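The annotation active site, proton acceptor is assigned in TrEMBL to Asp249. Under the heading substrate binding site, TrEMBL lists Asn12, Glu13, Asp14, Gly40, Lys41, Gly42, Ala43, Asn44, Glu136, Asp249. Annotated ATP binding site per TrEMBL: Asn180, Thr216, Leu217, Gly218, Ala219, Glu220, Gly221, Gly248, Asp249, in sequence order. Taken from TrEMBL, the feature K(+) binding site applies to Asp243, Thr245, Ala279, Trp282, Gly284. Here TrEMBL flags 3-287 as domain 'Carbohydrate kinase PfkB'.
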Amino acid sequence: MDTDVLVVGSVNEDRMIAVRRHVRPGETILAEGVQVSGGGKGANQAAAVARAGARVAFVGAVGDDESGRSLRAELTALGIDVAELRTVPGVTTGTAFIQVSEDGENAIIVDAGANSHVRVELAADTRAAVVLAQAEIPPAVVAAAAELAGAIGARFAFNAAPAPASLDEVPRGADPLIVNEHEAAELLGAAAATGTPAEAALALREAAGARSVVVTLGAEGCLVADESGVDAVPAVRVERVVDTTGAGDAFAGALAAALALGASLRDAAAAAAAAGAAAVGWEGARPPV
């Protein structure tokens, strides 16, 4: 199978709960509404790749349930090759429970379900320019995705979200390692408490053994760090924030797509910033089919 981007990652059913503010420990609040939609960082990023005009194949796993069948159909409708999206008997499809407050900010709890059963070896015959993985799947699967990228001569991009427990779970040689400022701080630990964001980006590149690092800074844009130094890429202005749930995934997917289609890392980051800004304009992790 030939494609531009091979995404190895999670696919979830998102249960989005609209609230005036996020619930505090020990209290009960009333929801403003509940919405069920497709999610999962891997699937969201694959959708963003397709939206950016690149060919994309997805390696993941769903349960043998109605949620899994619905998600498979949705991804197919989005133009994603799901030949390597396996159905795992006896487990449920991954589920994310997402609080979205009035100001568009979110808090997320994920039950991995079938995402713990992703098998990268199913894509051993795939040819791709970029292999993109995230930390919502087991570290061993992420490592296998990095090995696959090396075996097929592809660039390996890793979105370390949610932040891995340690840098040991970040495959060396990522190009780029994609994190937000909070994930960067978690990975760097005490070293993140000193210095500028640019210095932190360079420190993370060295500590993780990455070829390049992209650190997203929300409304401040992002930083791109590689062997030539650090560049700041400005954010795209957003008139109204509806929901920030899928912004990071839209960024990562658009970045991978641009790289696969031949853009430089800095130009790809600019395209990704535009995609991330657009993503806060709709409800849910990805736009409706």
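From the backbone N, Cα and C atoms, a Cβ is placed for every residue, glycine too.
Where the annotation comes from TrEMBL, it is an automatic prediction and has not been curated.
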If you average pLDDT over the domain 'Carbohydrate kinase PfkB' (3-287), what do you get? 92
Return the single residue from the binding-site residues list (Asn12, Asn180) that has the minimum number of other CB atoms within 10 Å. Asn180
How big is the Cα-to-Cα gap, in Å, between Glu136 (substrate binding site) and Asp249 (active site, proton acceptor)? 12
Hey, does DSSP put Asn12 (substrate binding site) in a helix, a strand, or just coil? strand
Name the one residue among Asn180, Ala219, Gly221 whose Cα is closest in three-dimensional space to that of Asp14 (substrate binding site); these are the binding-site residues. Asn180
Span of the recorded ATP site, as the biggest CA-CA distance among Asn180, Thr216, Leu217, Gly218, Ala219, Glu220, Gly221, Gly248, Asp249 in Å, is 17
Counting other CB atoms within 10 A of each CB, which of the recorded positions Asp14, Asp249 comes out lowest? Asp14
